[in-house]
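Some notes on the structure that comes next.
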Amino acid sequence: MENLGVGEGAEACSRLSRSRGRHSMTRAPKHLWRQPRRPIRIQQRFYSDPDKSAGCRERDLSPRPELRKSRLSWPVSSCRRFDLENGLSCGRRALDPQSSPGLGRIMQAPVPHSQRRESFLYRSDSDYELSPKAMSRNSSVASDLHGEDMIVTPFAQVLASLRTVRSNVAALARQQCLGAAKQGPVGNPSSSNQLPPAEDTGQKLALETLDELDWCLDQLETLQTRHSVGEMASNKFKRILNRELTHLSETSRSGNQVSEYISRTFLDQQTEVELPKVTAEEAPQPMSRISGLHGLCHSASLSSATVPRFGVQTDQEEQLAKELEDTNKWGLDVFKVAELSGNRPLTAIIFSIFQERDLLKTFQIPADTLATYLLMLEGHYHANVAYHNSLHAADVAQSTHVLLATPALEAVFTDLEILAALFASAIHDVDHPGVSNQFLINTNSELALMYNDASVLENHHLAVGFKLLQAENCDIFQNLSAKQRLSLRRMVIDMVLATDMSKHMNLLADLKTMVETKKVTSLGVLLLDNYSDRIQVLQNLVHCADLSNPTKPLPLYRQWTDRIMAEFFQQGDRERESGLDISPMCDKHTASVEKSQVGFIDYIAHPLWETWADLVHPDAQDLLDTLEDNREWYQSKIPRSPSDLTNPERDGPDRFQFELTLEEAEEEDEEEEEEGEETALAKEALELPDTELLSPEAGPDPGDLPLDNQRT
């Protein structure tokens, strides 16, 4: 390109411009499943350093811990948050075809939101990466395209890095084009004066591009082809969480118990236990029917003339109506609804929601059939179970209803999808026995045998919920077409199975990867033009509703906490009586309620709701504020007892240890070897004479220094 004439240089620039235009105007492929009613626009969050606002066009190349160049502006208390609505960062170049005079309006977030903590997902994962190059990409690309938007999922980081490479190559080509155009006829003496600045800039961009390519190649070369890109984020988040929980387990005995509970419940950790012996009398019989069902043949069917206003008979109908006025609001007091509805909160709330959304008319659901089914369904929730009863189902269903109505999701989902989400939330814990999946597996229960230890309770809830439709006058889907019915069943199954808490980290990683990938590739537009993307959002929506207790007003949250702990303690008592090891947080003599809630918020609820808030920004900001306030309340209630403090270096038999897979163990060994080699090299470098240390040839690469020497 150095010998291009004026005409050829202009033609090359024109080709480059057309190429960039085609790249920026790339349209999404035609839908594979159905056309979405409206795409979701993901608003990008920016964390800007006030000291750098004047020079936002300049790329930060200052050394940082473990980084050769800046890839992330870590959130600190002094940082101010900015939201970019339908616009681009201040670093957008004027030549970028994606920029326009109408874009780029920066809106400062309200003050209460600016100081909110970030979840553990934004912490460094460098201690667990496979190579020094990978270690240089702990977070997002601070590029002109993305400003300082924080990106933490590996696949989105790869895409962002490749876009930076493309931008650099385009800039190099543009410089060559401009240089050729200015050079004019060969032999023009003035052209030599323009070369040095272009060469300096070109060398800088070339080195930066090589660095980006090296990191992308490293990520892609270590990607296991049989796993999805979402698993890259899932594995990364699990490694970070394991490290955080290990630190927590070293602080105290109660911290150790909280760590073990979170790991076993939300990380799908399998533990080996000694199962009780099965005697001849206890030997399970062949099963041909769903257990736990009763009253299918002689249900108390209602007639259309006798259907109460809210589906339940109550002498406090007016008070109930007043309470249900808050059905569309976050934080409905379902305990009060239960009192006013004769302990039928699920029936009253679902009946009210279906009327509010006009679903009875849309799907031709007879009111008496709906009321009969809901009463039958609620009757199969166990009133003697402290937490997983019809109160919880009603709360999750109402929370799902409110989340579906969030402005960011307006007109996104079809009526059938909304019906499926509400139905899934209503049945998601029906016939729950008040014990965990692991308890059923450990006790060789009938349900565990029937469902082969895989999402035992979730499969059972689905079976019961659908089986009840076969009772007399209970088929609320009788007027759906065969195609609609199959589609609804598929969605409900996917959503209820996703409420298995052992799948939490995979759900979270997939959602965060989706959100960040769309930020990088589509200017924040999430089209949801296929079933996989749409059901992923719905799964996370119901999962958020299922884990919404910490986002509710504190009086409600405390009642839910009391109930879940009572259920845990009941399971612990049963385990103690059966001679089994007591599950984490189920021993009423040692469990710390306050620490359990702080740990649950820090490592489970906060990362999930933070990611959901990114998807629907700014609609969930108040929920995050409530979550933070509730965490601080429980944190303030943790007893400061000296007897609870233990030696962090203790190695007692009750200390929780994370089990590593064979693959993770090999990675740990490789990291230890690399760290030892790097430490030895660093020591040799430090022993060199000062003159050699000042020499560029003798000095070690900053990226090769051990971690401790890079931290500032």
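Glycine too: its Cβ is placed from the backbone N, Cα and C atoms.
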Candidate sharing the Zn(2+) 1 site with H392, H428, D429 (per Swiss-Prot), from D529, D533, D546: D546
Range annotated as region 'Disordered' in Swiss-Prot, from 1-31, 559-589: 1-31
Which listed residue (D429, D546) has most other Cβ within 10 Å, given these are binding-site residues: D429
H388 (active site, proton donor) versus D429 (Zn(2+) 1 binding site) - Cα distance in angstrom: 7
Residues that sit under 8 angstroms from H428 (Zn(2+) 1 binding site) by C-beta distance, when 6+ apart in the chain: A393, V396, E458, H461, M495, V496, T499, V542, D546
Close in space, distant in sequence - H388 (active site, proton donor), Cβ under 8 Å, 6 or more apart: Y381, H382, D429, H432, G434, E567
Cβ neighbour count within 10 Å of F600 (3',5'-cyclic AMP binding site): 24
Chain-internal residues near Q597 (3',5'-cyclic AMP binding site), provided their CB is under 8 angstroms and they sit 6+ positions away: P550, T561, N630, R631, Y634
